[in-house]
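Each remark here refers to the structure printed beneath this line.
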Ligand SMILES: Nc1nc2c(ncn2[C@@H]2O[C@H](COP(=O)(O)OP(=O)(O)OP(=O)(O)O)[C@@H](O)[C@H]2O)c(=O)[nH]1
Ligand SMILES: C[S@@+](CC[C@H](N)C(=O)[O-])C[C@H]1O[C@@H](n2cnc3c(N)ncnc32)[C@H](O)[C@@H]1O
Ligand code: SF4
Ligand code: SF4
């Protein structure tokens, strides 16, 4: 079992399979990075699997594939199949912008993917164009429908921004409710790479807006990033509030980037290179690095201190 210095069990790994993305969301990567990593610097699926096998053997139970946009990397389904075969009980999930799901959902489900979290910030075509800097809404909505149709467990993620999409909170909730899927509203995490001037809407304001239409009660928090709330009719939605004092108390995760760095926390730039050990097939060394990362996980982020992170979301996978 992997336990950090604050007695938290680490049983969740988020794997960014690529830093590349077909979107340019204003809160994440509004400007194309000047240089992409050359292909040879990126871990192969085989190398990622060697590491993940080690982590699973150490007690990791949940693996989430993310990016950049994970579905721009070729043959993701092959990687998913290998992981799913290695451990059938793994909570194997994907976080995606949804653009390629119409074509990919079925093949991913067949490969063993269980769950997919899809980013949806607006239901308006022109607002989507403003947030993503590309006309994407129709494809994303088709992708959501397809994922539901093939039987994947779907959640929606919505980053709420003042003056951009904060007037759509109840519309987005109603959309998710109609589809029978959970939506989580995410507080914008201040980031040096984001478009300057984006203003966060905090959890209190989000809940106030929802209370103009619905009664709800808070559910007991599990070992997840999100808090959940239940409407009177039983529908459940969530809020992710990294600025809250107790957010990091239940942290159970570390991250692996496409370039082979292990990252103890989403906020801080600290990272550990595991690529060399994996390329040399030095599993003992890789295991040592994994333990170091877990041991050195910080207690909490600095968003709670109202600081700004310079860690790029498209590298860490969010
Ligand atoms: N600050 C912070 N944000 C996180 C963390 N994990 C996820 N998030 C943010 O929460 C949002 C949703 O993340 P997802 O990729 O859907 O993953 P998840 O919340 O673990 O998903 P579930 O397994 O369905 O609970 C994204 O904006 C992430 O950046 C974390 O450890 N710290
Ligand atoms: C970096 S993306 C990678 C996966 C995929 N491309 C997607 O958008 O779902 C993972 C998550 O990070 C979130 N995210 C990115 N930048 C953020 C920010 N500055 N604040 C809050 N969430 C952010 C996205 O909304 C998404 O839910
Ligand atoms: S949030 Fe996801 S879709 Fe948007 S730019 Fe970042 S990686 Fe791409
Ligand atoms: S901000 Fe860091 S410590 Fe807090 S939940 Fe996220 S990864 Fe864990």
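Just so you know, glycine gets a Cβ as well, placed from its N, Cα and C.
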Residue among 158, 265 sharing the [4Fe-4S] cluster 2 site, where TrEMBL lists 248, 251 as binders: 265
Given TrEMBL lists 14, 64, 155, 253, 254, 255 for GTP, the same-site residue among 95, 96, 122, 212: 95
Cβ neighbour count within 10 Å of residue 14 (GTP binding site): 21
Other residues, Cβ within 8 Å of 248, 251, 265 Cβ centroid ([4Fe-4S] cluster 2 site): 247, 253, 266, 267, 297, 298, 299, 300, 301
In sequence order, those binding-site residues of 251, 254, 265 whose CB lies under 6 Å from ligand 4: 251, 265
Residue 189 (S-adenosyl-L-methionine binding site) versus binding-site residues 14, 95, 155, 248 - nearest by Cα: 248
Chain-internal residues, separated by at least six, CB under 8 A from residue 28 ([4Fe-4S] cluster 1 binding site): 21, 191, 193, 194, 313, 314
